[in-house]
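Below is one structure, written out as structure tokens; the observations come after it.
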Amino acid sequence: MSKTPLSIVHPWHGPVLTRDDYESLCCYIEITPSDSVKFELDKETGLLKVDRPQKFSNFCPCLYGLLPKTYCGDLSGEYSGQQSNRDNIKGDGDPLDICVLTEKNITQGNILLQARPIGGIRILDSGEADDKIIAVLEDDLVYGAMEDISDCPGSVLDMIQHYFLTYKATPESLIQAKPAKIEIIGLYGKKEAQKVIRLAHEDYCNLFM
């Protein structure tokens with residue numbers, strides 16, 4: 001009896017991003033709020049790898065991962081620059097990041113889930129576009145009814161923004177008030193998030209298809 005070799009779908013290239021014009025999204029989760037290690041997808045192998053231990057006391061306050069078949073390239077960078085009033089902004093060359101809100105205690109990464117985008121955070125990281133889409137887990141009992149970022153509690157948005165402002169900072173840089181590499185330009189709602197996702201999807205198609 002012959003054995004058929006198993007093939008693993010690459011989380012970045014395999015799953016279908018959306019079937020309904022970016023209303024519902026397939027998301028690949030890399031990090032959970034309980035992780036004391038920063039995991040990230042190895043783009044070459046499709047395996048989840050250890051990027052680095054979390055060195056300081058900040059933990060990601062939500063599920064965090066990427067959107068399959070997205071890439072922050074020329075279109076994403078140009079649009080971010082336009083919306084930020086900055087010149088020569090490029091995409092960061094990675095899949096588009098996503099934060100997923102849920103009241104459930106999901107403690108395992110390296111999973112796929114369906115979520116609905118409600119908005120996003122426009123971020124520049126060392127002068128590169130590095131937006132974070134904010135979404136809610138489909139049918140979540142607490143967050144599932146939210147339609148737009150205006151429905152999300154401000155305290156939740158504050159925690160997410162604080163994490164991204166500080167997760168790369170050292171105590172020394174904070175004490176000495178050194179200029180931050182991470183700059184939050186602002187928040188945006190669902191329609192803008194869908195446009196950011198569409199441009200990142202087009203960047204992916206231009207690069208890989």
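FYI, residue positions are counted from 1 along the chain as it appears here.
Including glycine, each Cβ sits where the backbone N, Cα and C put it.
Here the structure is a predicted model, which means the values were calculated and not measured.
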Among Asp74, Asp130, indicate the single residue that Swiss-Prot lists for the Mg(2+) 1 site containing Asp92, Asp97. Asp130
From Lys38, Lys190, Lys191, grab the residue that Swiss-Prot records in the same substrate site as Arg52, Tyr64, Tyr167. Lys38
For the binding-site residues listed (Tyr64, Tyr167), most other Cβ atoms within 10 Å of the Cβ sits at Tyr64
Asp92, Asp97, Asp130 filtered to the binding-site residues whose C-alpha is within 10 Å of Tyr64 (substrate binding site): Asp97
Please report how many Å separate the Cα atom of Asp130 (Mg(2+) 1 binding site) from that of Arg52 (substrate binding site), as a whole number. 19
Which residues in the same chain, at least 6 apart in sequence, have a Cβ under 8 Å from the Cβ of Asp92 (Mg(2+) 1 binding site)? Cys72, Asp125, Glu128, Ala129, Asp130
